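**Q** Below you'll find the structure I mean.
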Amino acid sequence: MKTRHDDTTVTDWSRLKQDVIQYAHHIGIDKIGFASADPFLMLKERLYKHREKGYESGFEEKDIEKRTHPERILPEVKSIIAIALAYPSRMEAPPKSEPGNYRGVMARVAWGEDYHHVLRDRLQKLERFLHERVPEIKTEIMVDTGALSDRAVAERAGLGWVGKNTSLITKEFGSWVYLGEMLTSVPFPPDQSIEEECGECTICIDSCPTGAIVQGGQLDSTRCVAFLTQVKDEIPEEFRSAIGNRLYGCDTCQQVCPKNRKINFTHHQEFTPDSDAAKPLLKPLLTISKKEFASRFGRSSGSWRGKKPIQRNAILALAHFKDKSAVPDLLHVLLEDERSVLRSTAAWALGRIGGEDAMLALKKAKIREKDAMVQKEIEKALINVENVE
Ligand code: B12
């Protein structure tokens, strides 16, 4: 069907919608739904409240009006096509993490190829399909970094519902889905949203390592481990232990969700993890070069903040395991690394690991350290190191 906006009937758009759905499944889109492009008024209210309470992460688009008014992004917008692609929740034969060779873990969102590229590729195919049929159509594609709330769009388009952990949960794939959307100037008939809720279940709230889910459906991003692993500076002390061995992101509130039980879809080859990059050895990360980091982690969505946060988190993970064999590596960071964040985190880690060697390392570093903040961290660590059992 080749058609023009102005001489096209509702039946034609319904037929085109069916063709789009069929094509979407053909190109490996797991779920597709259609939403109106009306302003997201309820979300707008939530976003302003969110800001007032200081819950924002800083990674989201700052202009709330733009976030909630699709016409500010594409003036001709008449509908939004939402898509979801499923990703795996389990790894085949994960490598062993053992004393002396402990490993960190990247959240599933960072397994395999960067989902931004994969979803964008699918949406571009869909866009070309539409442009062939409606040459004057206007479109705008978004995956994660766009202004709109991908979850709010997906919810409206009936892909799933939003749980207390704030994730969009689908019936078939649970919340293990990436989301993306395309604004279009075609008035596609919208789909119905899904009426479902978590009921009395609070397992995600109770399991969150930092109590970041403040009320069902609302997240204080500044406490969320997924956020904390991505900041570039020091992680506030109160959260350092809660990071555990996570190097990027956090999956806890999804792992515990009953709606995700036994769900593991592995049909997208792109998302198959390279197990050594998804659960890397910790010690070698401390001195990994820029080039090696790019070659091992560059294709993962977890590399977008560069290597520093992942290295800092690797230090926290060594402290989590109380890995005494890592003391020389941590001393090396303390004496040689130019980045004060890594040095101060290494000092903290030595204070947690404890033992004679850690104490000697801290004393050696204390003499050399010029940065006042790192000095302070070394002094605190020297007190802590005495109390470690
Ligand atoms: C900023 C951001 C973050 C921040 C803040 C997350 C958050 N919950 O707000 C941080 C860094 C913490 C983060 C973490 C993660 N993120 Co993120 N993130 C985003 C981003 C860029 C914007 C989200 C946003 O605007 N948050 C502000 C809140 C208010 O908006 P919202 O979550 O979209 O709002 C929905 C619900 O939260 C709910 N809601 C909001 N307020 C209220 C209030 C009440 C009372 C109620 C009932 C409901 C409710 O309603 C909205 C939908 O209608 C989106 C991409 C995008 N452009 O949308 C990805 C996105 C949300 N992230 C995603 C993922 C995968 C993750 C992680 C799982 C990654 C990981 N493993 O570490 C974690 C999950 C943590 C969590 N529980 O949310 C996916 C989610 C897919 C899904 N199935 O839901 C998205 C959509 C990216 C994508 N395109 O696939 N993320």
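The first residue you see is number 1, and the count goes up from there.
Each residue, glycine too, has its Cβ placed from N, Cα and C.
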**Q** Say TrEMBL lists Asp144, Ser149, Asp150, Arg151, Asn165, Leu168, Leu179, Cys250, Asp251 as binding cob(II)alamin: which of Arg67, Arg72, Arg312, Arg339 is in the same site, per that record?
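**A** Record source TrEMBL; matching candidate: Arg67.
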**Q** Pick from Cys198, Cys224: which one does TrEMBL list with Cys208, Cys250, Cys253 for the same [4Fe-4S] cluster 2 site?
**A** Cys224
**Q** So what pLDDT does the domain '4Fe-4S ferredoxin-type' (188-218) average out to?
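**A** In the predicted model, the domain '4Fe-4S ferredoxin-type' (188-218) has a mean pLDDT of 95.
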**Q** Taking the centroid of the Cβ atoms of Cys198, Cys201, Cys204, Cys257 ([4Fe-4S] cluster 1 site), which other same-chain residues have Cβ within 8 Å of it?
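**A** Everything else in range on the chain: Gly163, Lys164, Asn165, Thr202, Ile203, Ile205, Cys253, Val256, Pro258, Lys259.
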**Q** Which whole-number value in Å describes the distance between the Cα atoms of Cys250 (cob(II)alamin binding site) and Cys224 ([4Fe-4S] cluster 2 binding site)?
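**A** About 8 Å separates the two Cα atoms.
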**Q** Once the chains shown are all counted, how many other Cβ atoms turn up within 10 Å of the Cβ of Cys208 ([4Fe-4S] cluster 2 binding site)?
**A** 22
